[in-house]
Structure formats: C-alpha cells, structure tokens
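Colleague: Shown below is the structure under consideration.
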Amino acid sequence: MTPDEFLSALTEFDIQLSDKQIKQFERYFELLVEWNEKINLTAITEKNEVYLKHFYDSVAPILYGLITDQPVSILDIGAGAGFPSLPMKIIFPELEVTIIDSLNKRINFLSLLTEELGLENVTLLHGRAEDFGQDSNYRATFDFVTARAVARLSVLSEFTISFLKKNGNLLSLKAAQFEEELTDAKKAIAILGGKFIKEIAYELPNGDERHIAVIEKKKETPKKYPRKAGTPAKSPIK
C-alpha cells in the first residue's frame, strides 16, 4: 500500500486527510525506521508494508465506526511504536490519548515522535498496566482502551477493564478470530465487570484477515484486580 493508496483507501470511508496530516504520517514513517535501527520497534520497515500493516490497520476502529471525532479518552496498552492510538490521533486530533509501555526506550521514542508530529493531549506512562490499573488517577477514567496483538483475551481483560469508565469499551485488535479466546476468557470478562458485545471481522486491502473484539464495561471491577505485575499472564482468571 503506497501512501497514495493509503489516502485513497481512507476516502472510501469518507476520510480526507489534510496536507498536514499527510506529512505527519510521512514523518511518522521516517522516525519509525530511523529509531528502529537503535531499538526494536517493529519487524515491518518497508514503506508500503508500514502504511498497510501499521497505519491502515491501526485506524480500523475509526473506519468501522467504533471511534468518532469526539474528544474521548483512549488508553493504549503496550502500544510499542504507537499503534493503534497515534495513527488514530493523527486522523482525529480531538482524541485524548494515554499510552502505557513497560520499556523506557519506547517511551523515549514516543515522546520524540509526538513532539515532532505536533500531537497534543498525549500522555506517556512508563510502567506496567497492572500497576497503573490499581492507581486511582487512572482506574475507571477512560472511554476506550485499545490493544493490538498484546495478549490472549483472558489476560488482556485483566490488564485493561479496570481502566474503563462504566459503559466504556475495550477494543482488542488481532489477526486471528476470537472464537476460541472468547470461550477461555468468558469467566474473566464477567468477573472483571465486562461483557462481550461483538466481533468485527474485516480484511486489509491486500486480503489479510483482521478482527476487533468489543467488550463493554458494565460494572465496577473488583478492587483485587488487576493483580500484581506478572500474575495475570502466569495465572489467567479461569
């Protein structure tokens, strides 16, 4: 997907990018490749692949109507190089984005990236989601939590649901279908106060399958969750 094909694909969803936004994506690509030589951000560095598998894929929640141009708050867990939240932020600057990442080098990259791209209302937090999930400054404060290929749903639910306001949504983006994961995660989602709403299946323009699971927070997450860092991955709720 060339940059021009990226723009054309967005126009099919009635999204027209300004010259400023086009340049922001271009600079994003340049910085991603430049920093990837210093720290491991992505295995995908070829320009057309970045535009398809990082930029286009990241904005799927916008393309499929899950996130609109409202000043809602989004927490991105394990965003790595800023995916999916920062491409969405470029398209809808009104979004208030917070990113949690456990690796300080990635936070340094994201700090420079957001400054270079002129992105405002972006908060970067260095640490573990399990720790911030018990912090009253962040717990039950976000409209959306996004996570792209971070963990199985049973584990991801514990990482994320505590951060959501009531009626807020977890958007889990993955290549594979969620059917098997949902069966495993059903109990965890319920215990944590969530409810599976739907799965959106779609294809990238090259035919690759992608899926978004939408989980809505229906009630308060019990205070004991998330458990201490490392525990959810080692001992998922069953």
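Cβ from N, Cα, C; glycine included.
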Colleague: Pick the one from R139, R148 that Swiss-Prot also lists for the S-adenosyl-L-methionine site with G78, F83, A129, E130.
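Modeller: Given G78, F83, A129, E130 bind S-adenosyl-L-methionine in Swiss-Prot, the matching entry from R139, R148 is R148.
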Colleague: Return the residues near G78 (S-adenosyl-L-methionine binding site) by Cβ distance under 8 Å, restricted to its own chain and a separation of at least 6 in sequence.
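Modeller: G78 (S-adenosyl-L-methionine binding site) has long-range Cβ partners I100, D101, S102, A129, A147, R148, V150, A151.
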Colleague: Looking only at the region 'Disordered' (217-238), what are its DSSP counts of helix, strand and coil residues?
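Modeller: Helix, strand and coil residues of the region 'Disordered' (217-238) number 4 helix, 1 strand, 17 coil.
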Colleague: So which one is it: of the binding-site residues F83, A129, which has the fewest other Cβ atoms within 10 Å?
Modeller: F83
Colleague: Below 8 Å Cβ to Cβ and six or more residues apart, same chain only. Which residues does that give for E130 (S-adenosyl-L-methionine binding site)?
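Modeller: Listed in sequence order, they are E158, F159, P226, R227, K228, A229, G230, T231, P232.
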